[in-house]
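Structure first, then comments.
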Amino acid sequence: FREHRSRLDSHLGNMEASLTARDRVGIQDFVLLDAYTSESAFLDNLRKRFHENLIYTYIGTLLVSVNPYKELDIYSKKQMDTYMGVNFFELPPHIYALADNVFRTMQSEFNNHFILISGESGAGKTEASKKILQFYAVSCPSTKLLNNVRDRLLLSNPVLEAFGNAKTLKNDNSSRFGKYMDIQFDHQGGAVGGHILSYLLEKSRVVHQNHGERNFHIFYQLVEGGEEDLLRWLGLERNCQHYMLIYLLQQKICFYFCLLQGGCAKVSSINDKSDWRMVQKALSVIEFNESDIEHLFGIIASVLHLGNIKFVADVRGYASLNNNQEMHWVFSPFSVDHAVYARDALAKAIYGRTFNWLVNKINESLANKDSSRKTVIGLLDIYGFEVFNVNSFEQFCINYCNEKLQQLFIQLTLKSEQEEYEMEGIEWEPVPYFNNKIICDLVEEKHRGIISLLDEECLRPGEATDLTLLEKMEETIGGHPHFVTHKLADQKTRKTLERGDFRLLHYAGEVTYCVVGFLDKNNDLLYRNGKEVMRQSKNAIIKHCFPSTEPDSKRRPETVVTQFKSSLVGLTEILMSKEPWYVRCIKPNEAKQPGRFDDVLVRHQVKYLGLMEHLRVRRAGFAYRRKYDIFLQRYKPLCPDTWPNWKGTAAEGVRCLIKHLGYKPDEYKMGRSKIFIRHPRTLFATEDAFQVLKGDYQKQRDAATKIENCWRGIMARKEREKRAWAVKVIKKFIKGFITRNQPACNDNSEYLAYVRQNYLTRLRENLPKTVLEKDSWLTPPPIMKEASQLLKKLYIRHMVGKYVQGITPQRKAQLVLKAQTSSMFKGKKENYPFSVCRPFVDTRIGAEDINIKVLQMIQHEHIKYSVPVVKYDRNGFRPRLRQLIFTQEAAYLVEEAKIKQRIDYISLKGVSVSNLSDNFLILHVTCDDIKQKGDLVLQCDYLFEALTKLSVIANKQNYIKVVQGSVRFDIQPGREGFVDFKSGQESMVYRAKNGHLMVVSVKIIKGSC
């Protein structure tokens, strides 16, 4: 909780931080500028922040970024973690805050968004795009699949930069194409795919660069970083600088003309060898196979070789190759100028189409195969408004693009503002702003716009030139307030225009264009012969870029500007379907020097980026708006009723707070979830009051912190003492354990005492509950063996004594009988264990079940016990049910009312039983007279009980014998019989063939009872 509270305090401390230091570091949100219509105040605030290395500033949710031209420690993993999941305005402005807010809004609302990154070349657009991608790479969920997608998204940048970026006068790594990248996310926020669209690659750079500029990076990377074997295979030589010197000396040795036109092969800020290695790594990660890579660099080399082709005029004036035996001219007879045009057109077409193939190949690698719905964040990194000393066709297209984006920008900004007001229930106030539709119509209107006039001039028969285009524009749109030429201008303006110039008054200011080259660049024609040659190429990429199915009709293809206009329409449709976010990049100086702020240059960009226009839209109604809970959390100390904890809703708390602060009705509005404050001075007054109170609170907090520190110190010292004591005890314990088997000494005395105490404690908790559990006695340690044995004997005697004291006379008599049984049969007869748990009874046959006549005859002898038995005849062994009755003097075998045999105990010689599990007993009697009956063979279910009773009543304990195998018995004097005993699968009694009585009993396995 303390850590969470600390983090929250830190966030709240940073929130509106610029308010408290606004004189020194400016205001972090331009919306809070009092003089919001003043360009000077805007620049002053931007300058203050720039000199404090605060390169980011908000205009509402729009982020203004000033290129510092130096490394700042604000892009670490720790910084990313700080901005993850934090309210947009809680921390100082940062590109991570915008990226995180876009991501969380996308997840919560499950809709699509885009981030438009714009600015001049060198303002840091590409870097801003990289920072956003890096933030999503770290903040999004991570799995092996998602990591692959993340790596491809990140590594698509160095590939596209190598093929689409170049050094210009303003930027060493200038994007010479527009790029729109969609990042696709699944429902859990994982990046699962992407798609890239490219716009208006500056193909003319392949064949022409201004002095001080370079061609596309990939050419230099290949020549400087390529392996020797690769260069040899491609027919290239290393070191561009060397070839430039040769070119200057006009020697007839191979040089790469297209690399050297700008005269700037080497750039200190660019390491072509290192970038080459990065491109190779990126191509492998994006899943380019070896064949693709070979063909790709073969094309780059072929463009280099095309740049070395030189033409001379033959005797007829036609162009011919300059003594190059390895080249063949495939075009119709051309003049040297036409031949150069055809060569350049072919080089541009090859490179342009290869670039499109490259983008499509990257898209295949980024494609997401899952058809389930995805949400998207788009990144639009596109050229900003360009104004050079000489502005040509490319600047016209770029600035037209910016006019369209400005139009879209204002529409979407007004729309989002209006929607927020309506959502919060605040009345919308109309906003005055410059509508640049008049300029867009001037450029793109059908039949009358500049694009239509340019296309007509390119396509019409006859001799069309750049100057005839200018004349046609003067005729058609000469009266437009935003268009002027040398011919149409007044005398003063005419001095600033050349005869081949026209000037457009854009939303951001005036731009003068040189019409020279407009028709050629717009046509961008490639002769049919060149296409046919390309189709015969063995290079798979070239064959793909110049398909045989491509129509070769005589109808001319669409012009460059028409294609660009169509792509802009498609881009606008894409952007209109998504929620917009903006990053406006500014370069502080032309020299790329850190710490230098050029007011004129920055003012120029602020104007061209439409920042003042956007600020006016945001400030048209209320300067400041915050959610109730955030506003209340910061300023609740200013009101006694809301401090320290407000019990009601946040809206009610804010209402109570502003009532206490004395806000006037026209200074604020209460929305459904936000408070809207009209003037920055109202907010500043609130913030200043908060800072005063915060100072007093800080003193109290510092005092509380000191007290807390002292208390924590005391507790820490006590804890340290306790731990030191614990260490000492543990050491002694370990030493005692090691010497536990040695005689008692100082080292082990405490340990042995602990062992004794521990054993006795455990023994107390685990003492046997009954005498029968005496074998469960706790195993003692060696030192306690003797004491344990003594304790065990004492405890068993104690339990026995306690048990005996609780025995009743009846129970005691029962136990005496059981002891007698045990002494006779334990360990001798198999089924003895089963009898132990069965209690003995006084008799098994009640007096009422004995025949009355029998009772009358023997009642004088006192019946002691009676039990039902089965008697087997001495001859034939037929079973007969009988009663066996024991009296004080004799045993009687009774059949209903008849006494079949009386056996005096004196004449009882013994009793035999087998050692097996049967229930047979043989009573052996003295038989001197032939008339007397012999021994009895009986079967009794209560064998042990009956024999125990007999042994006690007749006092014949030693007469009962347990025998194995066979028992001989006397049938009568002189005649004998046998009973054989054995174990079997089931119990049986039968007369065997040898005339013996066979008794089979089931074998009882030891332990089964």
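Heads up, the Cβ atoms here are built off N, Cα and C, so glycines get one too.
Just so it is clear, the model here is predicted, and its values are computed rather than measured.
Looking at the stretches 62-84, 131-153, 568-590, the one that TrEMBL records under the feature region 'Actin-binding' is 568-590. Same-chain residues with CB within 8 A of the center of the GLY119, GLU120, SER121, GLY122, ALA123, GLY124, LYS125, THR126 CB atoms, the ATP site residues themselves not counted, are ASN67, ASN171, SER174, GLY384, CYS585, LYS587. Mean pLDDT across the domain 'Myosin motor' (26-691) comes to 82 in this model.
Of all the binding-site residues listed here (GLY119, GLY122), the one with the fewest other CB atoms within 10 A of its own CB is GLY122. In this view, SER121 (ATP binding site) is surrounded by 21 other Cβ atoms within 10 Å of its Cβ, with every protein chain counted. Other Cβ atoms within 10 Å of the Cβ of LYS125 (ATP binding site) number 27 in total over all chains.
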